[in-house]
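Let me begin by presenting the structure, written as structure tokens, before commenting on it.
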Ligand SMILES: Nc1nc(=O)c2c([nH]1)NC[C@@H]1CN(c3ccc(C(=O)N[C@@H](CCC(=O)O)C(=O)O)cc3)CN21
Ligand SMILES: CC(C)C(=O)C(=O)O
Ligand SMILES: [Mg+2]
């Protein structure tokens, strides 16, 4: 399994890091088999798998359940778990306790927290306690209500300057990795060049140390509209719907199941069954 030190070395060597979200055991296993460098159990699970329209309703219990499933599916892959909405605000004790649960109950190797200056003390406290922390700047979906939607961040020089300073401070606070979401490519390049920890982009262009994509978006599973930064590497939704339509049609037509899908008693037992009921076979 790759370690936090390996990810830093990959950045130094200019070797790109490929990360993907995962929410359950089979998808995590597929990612591991494909050689994905590390997994993110994103709180996007709320939107991709649980049917919420934001990440705000996702709870610690949700995150622990899905992290456990992912860890069982990909036992040899470094796994980061998102700290969900409000699970690291209010007090450092709350943040420490919840990060502890993600690691001890969920089996996560690291956690991710959204935000800049507001969470520097959290990043510092967790790191000091032995929790590897990924920072997350740019579009931070847990604050979508405050930001006013899912919008590109850091488009002005002033906003970009603030973001670049916050990224540096997150590194100084101890973060081993930074996720940068929905920022102009030029901003991501500056952040990457200014940090020695790997910068993983999503909607941040090519000039980062690696990329992360949401599982459902990557394989075209969701069937709904995807953000502009997504590339669908497969288009599974139509194939899934075709399979389900074929199944329904065959059930309705009596064409499924066939003999090969069925179990049979021995003739002798069939005879006994009928005579038991006083009937003839
Ligand atoms: N399926 C999925 N994929 C994601 O990437 C994702 C989630 N869910 N849930 C949590 C957050 C929310 N994310 C999103 C969602 C929508 C846009 C979006 O529609 N953005 C506009 C840009 C708007 C602008 O111009 O400022 C776009 O057109 O892509 C971006 C990020 C990223 N994360
Ligand atoms: C979009 C990624 C970075 C994330 O935080 C998630 O999937 O929850
Ligand atoms: Mg997230």
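Placed from the backbone N, Cα and C atoms, the Cβ positions cover glycine too.
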TrEMBL 3-methyl-2-oxobutanoate site partner of 43, 44, 112, selected from 6, 82, 193: 82
List, in residue order, those binding-site residues out of 44, 112, 114 with a Cβ under 6 Å from any atom belonging to ligand 1. 44
Rounded Cα distance, in Å, between residue 43 (3-methyl-2-oxobutanoate binding site) and residue 114 (Mg(2+) binding site) is 11
Maximum Cα-Cα separation (Å), residues 43, 44, 82, 112 listed as binding 3-methyl-2-oxobutanoate: 12
For the recorded positions 82, 114, 181, the one whose C-beta sees the most other C-beta atoms within 10 angstroms: 82
Other than 43, 82, 114, which residues of the same chain sit close to Mg(2+)? List them in sequence order, counting a residue when its Cβ is within 8 Å of the Cβ centroid of the site. 42, 44, 55, 58, 83, 84, 85, 112, 113, 136, 141, 142
